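What follows is a short report on a single structure.
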Amino acid sequence: MDPKYQRVKLNDGHFIPILGFGTYAPEEVPKSEALEVTQLAIEVGFRHIDCAHLYQNEGQVGQAIRSKIADGTVKREDIFYTSKLWSTFLQPELVRPALEKSLKNLQLDYVDLYIIHFPLALKPGEELLPKDENGKMIYDSVDLCHTWEALEKCKDAGLTKSIGVSNFNHKQLEKILNKPGLKYKPVCNQVECHPYLNQNKLLEFCKSHDIVLVAYGALGSQRLKNWVNPNYPILLEDPVLCAIAKKHKQTPALVALRYQIQRGVVVLAKSYNRKRIKENMQVLDFELTPEDMKAIDGLNSNIRYYDLQGI
């Protein structure tokens, strides 16, 4: 593995590469694209691949990983693969079958990280987003501590190396951390995080419990019509980011990614643009000054691009 490819130690002893490749694509992108871009990402040096049952492309992403193992580019242990437990599978008895389904789609023996996608349960069944006749989401009530115990069993069974959470606030995290008989702490909390929403308080809380913060939406967002408020400012056009980028002869996107790495945050770079996939690896080639970091910290305005109230 490239020596410049930095990794962070998780609280269970495993290591997570600090830069990850996000594989979510809008519905209009053909599934075959996921195969091609994941192959390219591995070719240019990405070793951390982030996917989920919800994305409906684990078959293609798994095929990409297997093809790069088959041609000798990587070994399985070089790849850090994350999958996510979707909200319709939070009942404890549904957790292992959900992970086994992902593994079957991927045609892999294990995932490196399995995380609860949202701390919110939806009605179990075939529908990813179950709705009633009025178009309202149908929720389910589940004790997330019981869901967590089922994840712990998946780790013990060797189906996943590490377990964590996503989109949890500090109260929801505390509920797991304070659970009687807790066997494994979450290794990470994956949340929306970028210069307009720097999650400083949550980051400090996670660090104090040896939980790694993983940033998605680190470049603002792809303006997805279903999830994203189109009236918000475009992060990568921010004058402060652009000035810092110009100074370092880098792109605003690379500055936004580098900002996270220097805060000890694992960052996901999501792109289906081949040029940008290659470019994003350059985040490991330069460093921001303390003044740069302070200026970017000053951009925080609690703007959430991803409106998840709809689920």
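Note that Cβ sites are derived from N, Cα and C of the backbone, with glycine treated the same way.
Averaged over the domain 'NADP-dependent oxidoreductase' (19-300), the predicted model reaches a pLDDT of 95. Taken from TrEMBL, the feature domain 'NADP-dependent oxidoreductase' covers 19-300.
Per TrEMBL, active site, proton donor is recorded for Y55.
If you draw a 10 Å sphere around the CB of K84 (site 'Lowers pKa of active site Tyr'), it holds 27 other CB atoms from the protein chains shown. What TrEMBL records for K84 is site 'Lowers pKa of active site Tyr'.
Marked as substrate binding site by TrEMBL: H117.
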Rounded inter-Cα distance in Å - H117 (substrate binding site), Y55 (active site, proton donor): 11
